[in-house]
Amino acid sequence: MYLGSWLNRLGRGLSRPIGKTKQPIWGSLSRSLTLSSQRVPEFSSFVARTNTCGELRSSHLGQEVTLCGWIQYRRQNTFLVLRDCHGLVQILIPQDESAASVRRTLCEAPVESVVRVSGTVIARPLGQENPKMPTGEIEIKAKTAELLNACKKLPFEIKDFVKKTEALRLQYRYLDLRSSQMQHNLRLRSQMVMKMREYLCTLHGFVDIETPTLFKRTPGGAKEFLVPSREPGRFYSLPQSPQQFKQLLMVGGLDRYFQVARCYRDEGSRPDRQPEFTQIDIEMSFVDQTGIQHLVEGLLHYSWPEDKDPLVAPFPSMTFAEALATYGTDKPDTRFGMKIVDISDVFRNTEIRFLQDALAKPQGTVKAICVHEGAKYLRKEDIEFIRKFAAHHFSQEVLPIFLNARKNWSSPFAKFITEEERLELTRLMEIQEDDMVLLTAGQHEKACSLLGKLRLECADLLETRGLALRDPALFSFLWVLDFPLFLAKEESPTELESAHHPFTAPHPGDIHLLYTEPEKVRGQHYDLVLNGNEIGGGSIRIHDAQLQRYILETLLKEDVKLLSHLLQALDYGAPPHGGIALGLDRLVCLVTGAPSIRDVIAFPKSYRGHDLMSNAPDTVSPEDLKPYHIHVSWPTDSEERASATPSKYLSS
């Protein structure tokens, strides 16, 4: 009987009209097309149910409904709560003998079993309504029930308040996905991507184009994953971004490109990164930096969740030099102050030795931050941690100065600070009672970077003491501009490397410096920062083949043969173009307030890059490797061999 009724319902669902579709003329596409966000979705079409568990209300009283879902919990064999991805509803289990089979099915099915229940929507008895549930005014009086799949004992309960280790969650990811938080995160992600696609493609004429996943190794950037081919010694690589392809699409006249792109970077064990990730990839012809910024601001405003405060555009901006000097980083969190102040002039005639030594050197400076109420809330062990952090990570000394409630200065160096220096320092730093000043000295960039780190450490410490510095409901966007085009290599300071990638165009006002002082050239690169996190980066590209060849070959010492296809394309009439990539995982993580990007990805890797559910990466037998002309040799060192846990299929 259940199969027959199910087929009848399915037939009705298939015959139901999906909705009228318009056939607009191409020229008026953006004016005529009905956006999908304006339609009411039908969640029960084409399936064996009439409604979802979360949609029933008092307006449905008396209706006969069929629901499908998981048994959330059962109480005294009288009620059970049925759950699907749309919500919860209470099922009243019949107690009369005529419905014994229904009662047996619903009472004997283990929790998390999948059932289909048909019945009548009735009002809950007066006083038994549950205001915490959207369906709390009604319940379903069950008439028929079918066990679709019984559930075995679970490794953990599917309840948000049940604490589970991340390793266990990743091992049983398909169970973790049933939680309301994961459901919310993934559905919000889907909605944001849908709105982004509408904004770009429907409203602004972008073309959604897939680019290849199998490519070749290219110079610069992050390490790439290699994919063997059947030709001896020849490998593909998984692209770290569609950078070259989207530039070639501009050469091909596509004008406006967009893609929800999968990208791959072999960066090893990093807790905040994934070896595979998703970015909203954008490229435009005949655009400048301002045009890209306006596009992205409109894109985020359009796709922003409705339950959040609307974004205010344009976003503020600052140069890389300003960000470093003020916040000590190129991705500042501007939700709170504690800005870096240059106090070199205050201590020009100081008797404090390490300040004297720093100011005597070229580009030597004295910098400080004021930690409001730091003297009141930070403890002795906190200050010791700060000083050790500075010494270990930056090989620099930090001088703490406290102003207590009686306006007395407390510091190991207090006796060496003159009254004039105190007054000027108080004025510049706007020091108040119970504040703490952290002071350091050295080369400008190093001193700023140290204080930028300490600024965040102090914010963390103060928030653990109960001070609210960073409002989680506030979304503070910032454009950072005018990055250096090149950086000195760490391993060889006399050589240059690209600060971002070698295709970034130099600032028009600095092109002449390419041939004399390339280290001073600014690039037309821009980063989008949200609450101290880089969520996007892009640039105006080099569209002149001669300039691109000069930068690759002469300045970066790269083998231009690896990029001959791109250089040739630029020679064939490449338009001026630029673009940006937004990190979708990071953006959704910040919007949802998730603790990790792994909480907004359906099937993420662990921080070591492993899939704990399937145990990937896995070993491969010699027979499977033979067509690729690959032989695995294990390390000879016994400890390395033990840590590698070799498979029985692979021998040295």
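Using the three backbone atoms N, Cα and C, a Cβ is placed for every residue, glycine included.
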Same ATP site per Swiss-Prot - residue from GLU210, GLU322, GLU534 joining ARG265, ASP266, GLU267, GLY583, LEU584, ASP585, ARG586: GLU534
From 11-14, 131-134, 243-246, 303-306, the residue range that Swiss-Prot assigns the feature region 'Aspartate': 243-246
Cβ neighbours within the same chain of ARG541 (L-aspartate binding site) - under 8 Å, at least six residues apart: GLN247, PHE503, THR504, ALA505, HIS577, GLY578, GLY579
Inter-residue Cα distance where the pair is THR218 (phosphothreonine) and ARG586 (ATP binding site), in Å: 26
Assigned conformation of ARG541 (L-aspartate binding site) - DSSP reduced to three states: strand
Those binding-site residues listed as ASP266, GLU534, ASP585, and which of them has the most Cβ atoms within 10 Å of its own Cβ: ASP585
Spatial neighbour of SER241 (phosphoserine) that is closest, considering only the binding-site residues ARG265, GLU267, GLU534, GLY583, ASP585 and their CA atoms: ARG265
Secondary-structure category, per DSSP, in which GLU267 (ATP binding site) falls: coil
DSSP helix/strand/coil residue counts for the region 'Aspartate' (243-246): 4 helix, 0 strand, 0 coil
